[in-house]
Amino acid sequence: MVSLRLMRAGELCFIPHSISISQSSVLGIPSRARRAHFAVSNNFPRFRVFSRIRGREAAVKDGERVDDVPVPLVRVPDLENSGQDPSSLVGEVGFDWKWPPWKNLAQRYKLIGTTSLAFVICNMDKVNLSIAIIPMSHQFGWNASVAGLVQSSFFWGYALSQLPGGWLSKMFGGRKVLEIGVLAWSLATAFVPVLAGYMPGLLLSRVLVGIGEGVSPSAATDLIARTVPLEERSRAVSFVFGGLSVGSVTGLLLAPPLIQNSGWESVFYLFGFLGLAWYLGFQLIKDEDEEPSVASVSFPRSQATYMDKSGDSSLEELGSTLKDVPWKSFFSNRALWAMVYAHFCGSWGHYTCLSWLPTYFSEELNLNLTEAAWVSILPPLASVFVTSLASQFADNLIINGVETTKVRKICQSIAFLAPAFCMTLSSVDLGLQPWEVVGILSSGLALSSFALSGLYCTHQDMSPEYASILLGITNTFGAVPGIVGVALTGYLLDSTHSWSISLFAPSIFFYLTGTVVWLLFASSKPQNFSKKDG
């Protein structure tokens, strides 16, 4: 038998659907050695290739075909030039099927899809402890202070890894850093049950989870900057970072029944396993040069050069390259400081609400714990839908010629003003029913997802080359509310016994001031930072 394949598009020739021919002109093999017969039934074309090479015969059937449609001729490529005796060849008959279905999908779409899936797992591992901490506290006798220490330890690693993650992503490429990040946080998550009885080990494991997840936003930003053109960027960023909302919903849905049926340990084992499975699956996506400098269509040539770099750097280059980063240009740029403050303001509202809304729903609205847990799913669930709408909205504006900076300002203003307005309504005594308050807050927090088409796209807009480092800078400041804001909210609540003052007032303040700063100083104009320090 010989190995056969359908001819490529440029090599196709067709013959009538019922004919017997000699293949000497097609296969380059003496006619006495081989003949082919093509017979098409009413429904199927049937190929029978008769071979006397070592006395073997094979029949191949193709898929459905309409009658009277020409049948493509098959051939053995390069047999004439192989220099081998055809009679000595042994192979098997087969066709190059297009499987799996995503085989011919553009490489950037494969990477964007798998990166979004990584972010789903990311937030699953972030929210699992917020649920598992209750049975863990009962088992190990932790008070609220110890439980708070365990939960905040995640943000220690998260804050510390932002700048290193951005620099490493620039040096080695976001894909490689993302792989290591997922592997690190998944292993650390799986080890939580083993280390739970030993406090230093438990805290270290949560710090490692924070480090692994902390490098991931910068890695994803670098990956998007390398592969996605401007007119697709809002959708790409929204799709990737929208995975965080999906992860929150998925984690909050899966963790309670898992804990109830299999113990709190099962959450960490299962979620850790999912991350390891993702890591192994990600290795199957091969690096391809199918779209060199795809993002370069939207950027100056000096920045487009960055897209073509492989991301491979020797250890000898690391020290000098770190010095080459234009830190002075970064911190003297007003637009960057606007991004820093906007990131801080957005994170204050996000992290404080993520931590305290379940308690607010339970105590202030008199919902039981089960109801409060289910209600807490509504904001991230609504965010999934808002994210897709916001990205389409932003990209359509850019495609229609609206200036990129104006688009980013519109989206980020919506992301700040909507939750500020909804929190104001919730904090004022208007005699609203609990379900009305839940609906208002969920709507406001969902609309904050417009930030994915605002702030979170601006890093790539300004500089694809340094996008990961820029996000590392802003995300470092954005992690501070996770450490300070959550604790301060609890302190204010103990002091004032007022949710309006402790939870909503600070968030409203930061949303409003963040809007002003963003509108005055934000910019998405490409910046060639590398030349400014020279």
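Just so you know, glycine gets a Cβ as well, placed from its N, Cα and C.
Predicted automatically and left uncurated, TrEMBL annotations should be read as such.
Per TrEMBL, the stretch carrying the note transmembrane segment among 113-134, 377-398 is 377-398.
Counting C-beta pairs under 8 angstroms (sequence separation of 6 or more), the transmembrane segment (336-357) reaches the transmembrane segment (499-522) with 3 or more such pairs.
For the transmembrane segment (377-398), same-chain residues at least 6 beyond its ends with a Cβ under 8 Å from one of its own Cβ atoms are 230-235, 237-239, 241-242, 244-246, 248-249, 252-253, 353, 357, 404, 406-408, 410-411, 414, 438, 441-443, 445-450, 452-454, 457. Panel annotation: around the transmembrane segment (469-493), residues 148, 152, 154-156, 158-159, 162-167, 169-170, 214, 217-218, 221, 325, 330, 336, 339-344, 346-348, 350-352, 355-356, 455-456, 459, 462-463, 499, 501-503, 506 of the same chain, lying at least six beyond its termini, place a Cβ under 8 Å from a Cβ of the stretch. Within the chain, the transmembrane segment (499-522) has long-range Cβ neighbours (under 8 A, six or more residues past its boundaries) at 334-335, 337-339, 341-342, 344-346, 348-349, 352-353, 356, 360, 364, 405, 408-409, 412-413, 416-417, 419-420, 423-424, 426-428, 454-455, 458, 485, 488-490, 492-493.
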